[in-house]
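According to TrEMBL, the protein carries these features:
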- 1-16: compositional bias 'Basic and acidic residues' (COMPBIAS)
- 50-563: domain 'Major facilitator superfamily (MFS) profile' (DOMAIN)
- 1-26: region 'Disordered' (REGION)
- 45-63: transmembrane segment (TRANSMEM)
- 83-103: transmembrane segment (TRANSMEM)
- 115-135: transmembrane segment (TRANSMEM)
- 141-162: transmembrane segment (TRANSMEM)
- 174-192: transmembrane segment (TRANSMEM)
- 204-225: transmembrane segment (TRANSMEM)
- 291-313: transmembrane segment (TRANSMEM)
- 328-351: transmembrane segment (TRANSMEM)
- 363-382: transmembrane segment (TRANSMEM)
- 470-490: transmembrane segment (TRANSMEM)
- 511-531: transmembrane segment (TRANSMEM)
- 537-559: transmembrane segment (TRANSMEM)
Amino acid sequence: MGERRKKVNDGGERSLIRAPSSGSISSQDLERAARKQFQQDVTPGFVYVLAAFSAMGGFLFGYDTGVISGAMLLLKKELELSALWQELLISSTVAAAALSALLGGFLNGLFGRRVCILLASFFFTVGGIVLSTAPGKEVLLAGRLIVGVGLGVACMTVPVYIAEASPPHLRGQLVTVNTLFITGGQFTASLVDGAFSYLQHDGWRYMLGLSVLPAALQFIGFLFLPESPRWLIQRGLTQKARRVLSQIRGNQNIDEEYDSIKNSLDEEESGGGNDGPVIWRMLTYPPTRRALLVGCGLHMFQQVSGINTIMYYSATILQMSGVRDDKLAIWLAGLTTLTNFLFTLLGVWLVERVGRRKLTLGSILGTCLSLSLLAVGFLMSAQHSPPVTLHPTHPSLANSTCSKYQLCEPCMLDPECGFCYRENGSALFASSCVPVDKASTERAAWGRCSNTSLMRDQTFWAYNYCPTSYSWLVLLGLVLYLAAFAPGMGPMPWTINSEIYPLWARSTGNACAAGVNWTFNILVSLTFLHLAQYFTYYGAFFLYSSMALLGFFFIYGCLPETKARRLEEIEALFENRLCSCGTSDSDEGRQVEYIRVKGSNYHLSDNDASDVD
Ligand SMILES: O[C@H]1[C@H](O)[C@@H](O)[C@H](O)[C@@H](O)[C@H]1O
């Protein structure tokens, strides 16, 4: 208790932690002086330019993963793609991204962040050109693989680069901007898909090729942007590092930041144990092992709470709610990506205000509840599933299971069948379960629903869904899901991973975590239809909801708050046994303000202001 002032090892960041009780005049004077100084140390605009150019990698991530669904609608008709080829063209990019993200860790350590981003934008540009000029499906596949390689490298490098260049008080916000760009890319892709869907011939070339523009812009921009100062110091390029630091910190004093990075590197070196591959060292050193577990766990829970299934399925949810026109459903699906984007913006605003931990916890809890609501919506629809009243006879039905179904629910869960019905006001009649046309799921193979243009008024074709009066519940679940997921669970795994590893483990840690993200992304999307078929839609969504609940407990127990801390301080947060964060969070319950002042670094736990000039 006798200790009135404690020097903290924050490596030069002048930090004042003020207890709510400290309200004496001297403390206020101190704050005023500190704030004045802080305001003079404005963050130079250069950091924002740097973050925006880097986040174009995020935009391309969102664009290239989002645009394929619309392009595929045209491609499969024009190139007569089999189901296997469609699957190959979609999954190849994600698989290539998973592998190249892992390789990206190695490249990052060896060549630095800047070269890796240049490499990624080069791959994006070449991939885009190959895709838009492809003469056939084989070249298309090559193009999708090239884009995937770029994606993997970009998704793990960009957050690290932004985190390493940002001042601590802005780091969360600037790294989260990268995810904002991901969702912005997804939104743009849905607009481009909508616009070019009218161009039946070659529309896909424009959809896939447009990514060349931002990719080339990023490449040119990065020819002029600097390397990360932290990587330069690690490589012993100290003069260059100092130059970059002065460039990105403007009129602020860079000595302390420089010393802090240097000291933490020296400590690591003198600590020994530098033998063996980085991943081995990470796994055998408890703080990095714990950080890796938290980082990979966050990405796993992000994906198993179903974001990409929801985005992919949103057009069907909208059709279920009464939007019957396919084109309109595609445009309205754009609203889903827009909602995702807007709520990510909320995340950018919240991350430095409420902190990473609270934001992620609140978000996953909301995600879990809204997934349950979605599941209840599907359950109600299933329980009130309309019956099949007509059992037409047709030679092709001899080998089909469709004619055996008595209700719409099992009929729509069978990928071979669809539900054809007539409607009079809200009453449904003359319904049948018939095989879907193999060439297009928009119509039946034969009968009343086989020719969309000739379909008489009031005759409808439902594939993948059943007409229901509970669609409002599903729609509400969808909107609430996006509102809960997008500000926290969408961006935080990327943001937190960019800051929880010490410098020597940062590239490898981010590479592994991004690899986990892509792997679970593939797993969830490949299993969704089977899950729905065997456990029904509500079963699938209840499963995602329980995953999110598990994720909540994991985050509650294991994720420490990293807000406003210098990157070099964060390792210390993982020194304690994992899963103790929920019980002892040192800074929680106290009002924490980090204020830059001249002089040494103080953790001010009382009113003493005597050392501040
Ligand atoms: O953080 C992003 C984002 O939330 C996207 O919307 C999603 O498609 C990605 O898979 C995810 O990693």
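Using N, Cα and C of the backbone, Cβ positions are placed for all residues, glycine too.
Residues 64-65, 68-69, 72, 75-76, 137, 140-141, 144-145, 147-153, 155-156, 511-512, 514-515, 517-519, 521-522, 525-526 of the same chain sit 6 or more residues outside the transmembrane segment (83-103) yet have a Cβ under 8 Å from a Cβ within it. Mean pLDDT, taken over the domain 'Major facilitator superfamily (MFS) profile' (50-563), works out to 90 on the 0 to 100 scale. Packing against the transmembrane segment (328-351) from elsewhere in the chain are residues 66, 70, 172-173, 176-177, 179-180, 182-184, 186-187, 189-191, 193-194, 197, 310-311, 314-316, 318-319, 359, 478-479, 482-483, 485-488, 490-492, 495, 563: each is 6 or more residues past its ends and has a CB under 8 Å from a CB in it.
Highlighted: of the candidate stretches 45-63, 115-135, 363-382, 115-135 has the greatest count of Cβ pairs under 8 Å to the transmembrane segment (141-162).
Of the candidate ranges 45-63, 174-192, 291-313, 470-490, 537-559, 45-63 contributes the most Cβ pairs within a distance under 8 Å of the transmembrane segment (204-225). Of the ranges 174-192, 291-313, 511-531, the one with the most Cβ pairs under 8 Å to the transmembrane segment (470-490) is 291-313. Among residues of the same chain six or more beyond the transmembrane segment (174-192), those with a C-beta under 8 A of the stretch's C-beta atoms are 47-48, 51-52, 54-67, 70, 158-159, 162-163, 166, 206-207, 210, 311, 330, 333-334, 336-338, 340-341, 344-345, 347-348, 351, 486, 490-492, 494-495, 498-499. For the transmembrane segment (511-531), the partner stretch with the highest count of Cβ pairs under 8 angstroms, out of 45-63, 291-313, 363-382, 537-559, is 291-313.
Stretch with the most C-beta contacts under 8 angstroms to the transmembrane segment (363-382), considering only 45-63, 291-313, 537-559: 537-559.
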